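Student: Annotations for this protein, taken from TrEMBL, read as follows:
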| type | residues | note |
| --- | --- | --- |
| DOMAIN | 66-194 | domain 'Cytidyltransferase-like' |
| TRANSMEM | 23-44 | transmembrane segment |
Amino acid sequence: MGSSDIGGKSSQILLHWHDSSRILATCLIGVGLVLGASATLFYYSGGLPSPLGIFKRKKRRPIRVYMDGCFDMMHYGHCNALRQARALGDQLVVGVVSDAEIIANKGPPVTPLHERIIMVSAVKWVDEVIPDAPYAITEEFMKKLFNECDIDYIIHGDDPCLLPDGTDAYALAKKAGRYKQIKRTEGVSSTDIVGTVINFFLS
């Protein structure tokens, strides 16, 4: 066999080796892409966390909203308000105003605090209850809501809620930009119910 034949066969072998290497590299890249896509799909479908951590999703913190009220003689207007408030967030925290605060701002309640708490807690849209809540949103109580209770927004109906001195009970929450408003249910209130009962017995 001549040297030219040996050289020609060597060139062919080298050429085949380059072709094989190119094919192998292409296959390895393809397998890597398939495995990477599968791992990503597996992670997002609830499988194991990504080993590289680059596809990890940050879990969103639930939006927590707060609404307070007297909730005296619980009626469907109260329930509708709680339903609307819950729709503005993921978790609804309800403050039930104390008997003393109601007496100071409106007059004596018909239903005592512990019974009002039971009725509010029974409503399906309520996640947590804060007893003895103040009638007005004070600076101190608002900080407690934001810092300790992780409240994002304070909610009240579109009817005015004025203190005995004529000031808005939710002025500080509005000023802080953390206030949202819902529609008041017309035609029903605890005051109207009490008036109806009194008129019934007087007639």
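The backbone N, Cα and C atoms fix where each Cβ goes, glycine too.
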Student: What is the three-state DSSP composition of the domain 'Cytidyltransferase-like' (66-194), stated as helix, strand and coil residue counts?
Tutor: 47 helix, 28 strand, 54 coil
Student: Summarise the model's confidence over the domain 'Cytidyltransferase-like' (66-194) as a mean pLDDT value.
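Tutor: Summing pLDDT over the domain 'Cytidyltransferase-like' (66-194) and dividing by its length gives 94.
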